[in-house]
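Q: Found this in Swiss-Prot, in case it helps:
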- HIS2: Ni(2+) binding site (BINDING)
- CYS73, CYS76, CYS89, CYS92: Zn(2+) binding site (BINDING)
Amino acid sequence: MHEMALCESMIEIIEREARDQHFARVRAVWVEIGALSHVEPEAMRFCFSAVAHGGIAADARFEIVSVSGAAWCMSCSKTVPLAQRSAPCPDCGGYQLQVTAGDELRVKELEVD
């Protein structure tokens, strides 16, 4: 479960920002998770709760913003929706795809005191 390591890194970033920006508590965390990122949203939710326990973000709401997958098809020169990395282009059936969205995992926003 790599989500635990991802959440540990996320908490480290949040704690560093708390020191740098002088906030005492995190009320909410919004995280963008791409459909092609190989990250399970519910596993992230569980792991964040476990890792944040007893810290600055212990009582924070954990909000997940889903980002749809998209790719540039080199065969038909179009940006197309992509549900999974191994899928062909839905327009031409080609496999020469460059992912342009949906592979991210990012802390989008923090609500702090």
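All positions are counted from 1 along the displayed chain.
Each Cβ is built from the backbone N, Cα and C atoms, and glycine gets one as well.
Values in this document were obtained by computation on a predicted structure and should not be read as measured data.
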Q: Determine, for the Zn(2+) site, the additional residues of the same chain whose CB lies within 8 Å of the mean position of the CB atoms of CYS73, CYS76, CYS89, CYS92; present them in sequence order.
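A: Filtered neighbour residues, in order: MET74, SER75, SER77, LYS78, VAL80, PRO88, PRO90, ASP91, GLY93, GLY94, GLN96, LEU97.
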Q: Around CYS89 (Zn(2+) binding site), how many other CB atoms lie within 10 A of its CB?
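A: A 10 Å sphere around the Cβ of CYS89 (Zn(2+) binding site) contains 20 other Cβ atoms.
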Q: Between the Cα atoms of CYS73 (Zn(2+) binding site) and the residue listed as 'Ni(2+) binding site', find the distance and write it as a whole number of Å.
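A: Pair distance, Cα basis, whole Å: 30 Å.
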Q: So, in DSSP terms, is CYS73 (Zn(2+) binding site) helix, strand, or coil?
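A: DSSP assigns CYS73 (Zn(2+) binding site) to strand.
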Q: Tell me the Cβ contacts of HIS2 (Ni(2+) binding site) under 8 Å, same chain only and six or more apart in sequence, or just say none.
A: VAL39
